[in-house]
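Colleague: Pasting a structure below so you can have a look.
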Amino acid sequence: VSCRQNPHPKHLTFIYRSVGFVAKEVVFESFYGYAEINGVWGWIVLGGVVLASAITVAYSARFLWGSFATKYRQTDDDDARVAVKPTTFHGAPDAVFLAAPAALAVLTLVFAMAPGPVQHLVEPFAALFAPVAPDVEPTYLALWHGLTPVLGLSVLAWVLGAALFWLHGRITDPQRVVPAVLDAERIYRYSIRSLDDFAVWTTSKTQRGSLGWYLFIIVAVATAVPAGVIALTGHTVPEHVIFAEQPMQVVLAAVIIAGGLGAVWAPKRFMAVLMVSLCGWGIAGIFALQGAPDLALTLLLVESIVLVVFVLALRTLPAGIWTQNPTRFRMGRALLGAGFGAIIMVAAAIAMDSRTAEPISVEFPWMSYEIGHGANIVNVTLVDIRVWDTFGEITVLAAAATGVASLIFVKRRDVQRRALHEVPTGSVGRVLSDKVLSPRQAKEVQVARSFATVAREAWLVAGRTLAPEHRSIIFEVVTRLMFHAIILLSVYLLLAGHNTPGGGFAGGLLAGLAFLLRYLAGGRYELEAAIPFSAGALMGWGLAVACFTGVLPLIFGGHAFQSFIVDFDLPIFGEHHLVSSVLFDVGVYLVVVGLIVDVLRSLGSEIDVRSEQEHRAGQQGHSIHSQTSLGVAR
């Protein structure tokens, strides 16, 4: 609030000894100094500010008169005037309703007498503006600045406002006579109605209820905007572009391109998912060749899990992609996808070529080792240097898993299952009637049941619950041998990720793969036996551990998420050092494991239950229909 500002003259009515008057004085002083320097146009602007303040006084007085003054009306019999009965409240306002205006009124008087706290709040904003002249000193908030021209402008605004209020009848009467050629209210309503019509038309053209169309619009805009900027700014692709640093990159690029083309032209959803995963695995290979084993490992695990999750979700969708979509748009979508990829590649090349300053990543090795106490730059960046980003990401993961579970379970995430000993042997996924199968399928089921036996020791805890036609002895044996080793390896990645490739995210993904193996080999009861904990509780505990890691340094006078190192000796293993950010990695580990388990229970176990119920209902309906037909024939 000084002569360096360009304030807006929009204030409440200014009454002496109120903070509104103090603020208005500073506004007038700012514009007065501006007028002294800029001449005629400055005085015109100052006059407009004074006139606006006078109008503010006038309508404020009109509000006060309308609310509190006694009004009179003329009687029909004589010239006597009768007071209008005041409007009463339907109910007296309570203390809570009056608290806000009362507090504002008190603060208005307090800050007028002592405006120092307000000045400290607005001074940083005023410092953003350059002074109107080098010799102009910033003003300050005060109730009394003396007999100055600014005070005269305030008095003038009061007088003009009072005159406008006193003569409001004579001012409004001529306005009623003048024809409304340009009715502002009518123009406003017409503009809003036209805007609504345009919004309805745009919505009808863009929001059709088709996810494919929405994606088409998003990708089209993401392609057109960067392309337009590149065209208008005249940027071109950098001249010095290295095609490939080694032959293996060309091979992986060919694999990625083949996967992309295969995903576009795949007639089946399953084939399209495989091709997309092939692209991800190829990119993981590129990361490995470029010296980023952490990224390669994480992406490889993510692609493997996403592939299985996709396959689980595909069970509820039609097998064909183009059965309900017009094939004439396939070429357009393919061209848009290719154009989007090309534009992103060109934009990334231009961005890298336009760099003039040294990138901040140059300091990451030193920061990771000296500040984060770790040799793995990627992991230290995630859990220390950019820990707030990681904390936000795991929060989003928990929210996404909850969203998926809410779509599937509707009411509650963890549905109570029957106890394992109560589940009949071979009941999960069992075909009730061979009549619904083809002759070949019926023969396969018969052979599988003839070789099935549960008398011997089970390889899995709940493997016996699966129907024989859904079991694989090789898969069960491999799962039995690999599960504990994978869990131990995931814990190793969690603890060793601070100095070697790994971390909480990679470790959690690997542990999720272990539980995925248990589910695929033994079914939903095997998954419940493997991890009998609530997925929501796992994610909640993970977020709690991550929050605790951020709050703990504050207790000892440090910063949020500040890491520290603890050195200790073990009798057998010798000297060790533990970094506090490992606790944050533990939180990430729990969130990722909870996410995967939640998705497996949502898209895996729950869909299994519903599919079996629908299949059983269909088999019973087929059996009733067969019996009815047989009775009619007899």
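The first residue you see is number 1, and the count goes up from there.
Each residue, glycine too, has its Cβ placed from N, Cα and C.
Feature list, courtesy of TrEMBL:
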- 338-408: domain 'MrpA C-terminal/MbhE' (DOMAIN)
- 474-597: domain 'Na+/H+ antiporter MnhB subunit-related protein' (DOMAIN)
- 613-634: region 'Disordered' (REGION)
- 40-65: transmembrane segment (TRANSMEM)
- 142-167: transmembrane segment (TRANSMEM)
- 211-234: transmembrane segment (TRANSMEM)
- 246-265: transmembrane segment (TRANSMEM)
- 272-289: transmembrane segment (TRANSMEM)
- 295-314: transmembrane segment (TRANSMEM)
- 334-352: transmembrane segment (TRANSMEM)
- 391-410: transmembrane segment (TRANSMEM)
- 473-495: transmembrane segment (TRANSMEM)
- 501-521: transmembrane segment (TRANSMEM)
- 533-556: transmembrane segment (TRANSMEM)
- 576-600: transmembrane segment (TRANSMEM)
Colleague: Grab the pLDDT values for the domain 'Na+/H+ antiporter MnhB subunit-related protein' (474-597) and give me their mean, rounded.
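Modeller: Averaged over the domain 'Na+/H+ antiporter MnhB subunit-related protein' (474-597), the predicted model reaches a pLDDT of 89.
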Colleague: Using DSSP, tally how many residues of the domain 'MrpA C-terminal/MbhE' (338-408) sit in helix, strand and coil.
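Modeller: Result for the domain 'MrpA C-terminal/MbhE' (338-408), in helix, strand, coil order: 58 helix, 0 strand, 13 coil.
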Colleague: Which of 40-65, 211-234, 272-289 shares the most C-beta pairs under 8 angstroms with the transmembrane segment (295-314)?
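Modeller: Going through each listed stretch, the top one turns out to be 272-289.
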Colleague: For the transmembrane segment (533-556), which partner among 142-167, 272-289, 473-495, 501-521, 576-600 gives the most CB pairs under 8 Å?
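Modeller: Answer is 576-600, with the largest number of Cβ pairs below 8 Å.
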Colleague: Tally Cβ pairs under 8 Å between the transmembrane segment (473-495) and each listed stretch (142-167, 211-234, 272-289, 391-410, 576-600), then give the stretch with the top tally.
Modeller: 576-600
Colleague: Using a Cβ cut-off under 8 Å, which residues of the same chain at least 6 positions beyond either end of the transmembrane segment (142-167) come close to it?
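Modeller: Sequence-distant neighbours of the transmembrane segment (142-167): 14, 17, 21-22, 24-25, 28-29, 32, 46, 50-51, 53-58, 60-62, 65, 112-113, 115.
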Colleague: Below 8 angstroms Cβ to Cβ, which residues of this chain, lying six or more residues outside the transmembrane segment (211-234), approach it?
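Modeller: Same-chain residues near the transmembrane segment (211-234) but 6 or more away: 325, 333, 336-337, 339-340, 343-344, 346-347, 350.
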